[in-house]
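Asks: Sharing a structure below in structure tokens format, with a few things to ask.
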Amino acid sequence: MQEFDASMRHGVAQARAQAATPHAIGAFMAAAFAVAALVARPYRHSAAPLASAHVAPAAPVAASPAASSATAQVGGGRAVLLASVSAAQASSPTAGLTQFGEMLAYVQYKVMQAMTLPTWGKILTVMAVALPILALGSGALCAITGEKPLAAVKRCYFILNNVPGADIAGEEDVRAAVLLNTMYIVGLLTFAVLIGVLGDDIGSAVEAARLGNTRVPERNHTVVLGHNRQLIEVLRQVAVVRADRGAAAFPGQLVVLSERDRAELEAELLEALGPAAAAAVVTRQGSPLKVADLQRVSAGHARTVILMAPDEEGGGGGEGAEAEAAEAEEGGSAHVLSAEAQQAVALAALHHLRQAALEAPGGSGLKGGAAQTVVVQQDSALDLLAHAWGTSEGAGASRLVASVSHLNNLARLQAQCAAQPGLSAVISCIMQQQPGLPEFYVQRVPEVVGLTYGETRRLFPRAVLAGFYDPRRAVVDRGAGVAGGSNAHLSAEERLDAEAAAVVLNPPDSSIILDRHSLILLADKSDDIKPLSPAAAARARAHHQQQQQQAAANSAAKASAKSAAQKAAAATIAGSRGAGAEAAVWGEWSEAAAGVPIKVVVLAFDGQSPEDLLEALADYCPAGSQAVVVAAEDSEAARGTQRSREEQAQLRTSTVAGDPRSRAGLSAAGVQGADAVILTGLDGVSSDQADAQALATLLQLQALMPHHNQLHRHFARQSGAGGGGGGGGGGSSNGGPSSGGVRPLHVVCGVADPRTREIMQSLVRVRGGGGGAGAGVGGAAAGRPLSLDIINADEMLAGVLTQVAAEPRLSGVFHELSSAEGVEVYMRTPGALGLPLGAPIAWDTIQDSGRAHNVTVIGVVRGSGVRAGAAAAPDDGPLVELGVPPGKAPALTLQPGDKLVVLAEEAR
């Protein structure tokens, strides 16, 4: 009570000091100071001992001898000493200012503490300050104007919070006007503090939502773990899959967990995907190796999980792997987990989280839903991964699907492109998800059970039936988590072979569709894979039976018509050969020239022996073809390998010791008379350097190409040397080489940057005469033209990974298409299938013609680069049209240079 009385007296003294202020305003300010003194009361209790202890050593110096004797008489004298010190402080003229400063410091300290509270705490603090001010102001207004308390409170509240309609200008009482203006100013400060507090909290919340690392409380969503250079393309193609297949393909929110800084990753997504697509992706920073980071993205509750390969595999040893190795070296430790070990640790943690989610009280929703699909992008064997995954059974459990990074074997694809120019565009359209292009669907259709394959393919007017999926054909079970047990003893290749064994592509028309079969259809969207009605199916079956009955009677007429069509097609192609090189821009290839040996120059930039590529060339090139490997001196590739006589008869190999980056090395290999040049051995360098090397090689090849009046020298020399150049020009089959009869030199390379690809295409277009006025500069158009097959491995791998994640059974389809054995993608001329040129042909007729030649036609490649009937334009690449042509009555008009895309077991 003494402390309270002293505080009140101090406040009243301060009020009296303001002699010019009216009595009511003085009372208001005095009360405010009293409240401030009471707020400082706890601080005074804690500060007094400190002050006493602080001045205790100095007290004896200031004390008088009389005081010292008095202290001695008391016997200890400490109480008397403290009392004398307090009296000295009280009589000091600066004592009031010191106490007031301490009080303000304490109040500031408490305000700073309040600012660390949550938003609701800050609002309550502002209200705790505003309510006493409102009460004091209302009391003062009542005393001045005599208003009723409720009216005074409402009036002060309106002024304090600047409520529209409140007015001070009309106040006649000066004292009331001063009081209300003071309330208004205090209200402005209070409102400013409130807005500042809320604005700061909202800004912090937005920043935390944008760049924070909080938990993602999603369920049945899609999670991408890890980061490599295919991540952006995977996210881009996920959006396309969702548009074509529906949200069920990749359900829920799309979440990415990456070790990269979140701000950098967000900026990369914004630049690559655009604002709308980037906003649909939630990112979190963390490692797939840490359980806490996996929990942050709710990986155990996800429906689909894509585990990206580490940089050393998925990115080809990119910057992330180099930084990690450098960091390990600086830290004195060179121990870094292998890619397989990293993914095994992530899978083990993911499997544990999934089981925990299923057993949790809220896991009933997960158990009742579909199984969690986990897709792993990797190159190594799956032994460790399979053991890490363990076993899981029951509804909602996880299934492990392996998606090898090199499903589409790059060496085989390069060899196919060398033998069939333009094939890379076809493979790219099949492997990738692109708007407007069809993709494979695996769908069970009960309506067709019991029908033959030939009857079934007629029931899908908007889709191409490519085969069926038979789970019993798999030689082994498909891994842990799937009924049948575990196959951890199998390697990755054996496991994929087991998946491919269940895929039957291009089967005979007599095959019966069983209840366990799922159809493999090529369609643009999911609505296109619906079959015709049962009545239409019955009509189709009756129609098919009638056709079978008439087949014997019409066999002679059909054979005659087929022979005439083949002769007409051959005549048309022969005429196009003599007309000029325009129809051969993308590499003229026909059945007549298919058996002629070709010459392929292989540029091995890394010096490693390209054994896989040479084996693939032996499979796809005609017998007697030649492969010349150019590599640096003393390298493994320059030394060559021993090959048997049979292998040499199929593909004659030779080596040239020289720098593949120099013009001398290219000239020594005889690129002027070659049919194709393949760039290989650039996997170990960065993508920018690899793209630059491809562009530089293209410029060197253009500079080395002979003038049209010198073509006969190179091809004559090649023929005389037995170099297999007859196929390279097609000129041998036409009776003599000429600028119109020699095919362009076909360059097969890998380029990642689309801008570099555009530059290379523009250079080839100018060289071929499609570049307008610039084509004739320096006589460039007069030399031998070039054509390109540019392979973007990142886009293809991302496409395979995305499609397998959406439909796991497609892993067997893509493995079958990229394997050395079985069904692959080829191109056929219309004449090879007995189809005429220049006239519309019904799609069913094209399909029937393909089935008669044991192939399945899935599309067409336009040799001129433009659609039939469209205006000609400078070529940017072969135009690929996959799937059923548009229109109610689908039909194709084939032109010279067009090739049909087919699924077949052999190249010829």
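The backbone N, Cα and C atoms fix where each Cβ goes, glycine too.
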Asks: Which range is it, out of 509-533, 534-558, 859-883, 884-908, that shows up in TrEMBL as region 'Disordered'?
Replies: 534-558
Asks: Do any residues, 6 or more residues outside the region 'Disordered' (637-667), come within under 8 Å Cβ-to-Cβ of it, and if so which ones?
Replies: 601, 603-605, 607-611, 614, 617-618, 621, 623-631, 681, 693, 696-697, 700-701, 703-704, 724
Asks: Based on DSSP, tally up the residues of the region 'Disordered' (637-667) by helix, strand and coil.
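Replies: Computed counts for the region 'Disordered' (637-667) are 14 helix, 7 strand, 10 coil.
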Asks: Of the residues in the domain 'CASTOR/POLLUX/SYM8 ion channel conserved' (411-468), how many are helix, strand and coil by DSSP?
Replies: 28 helix, 11 strand, 19 coil
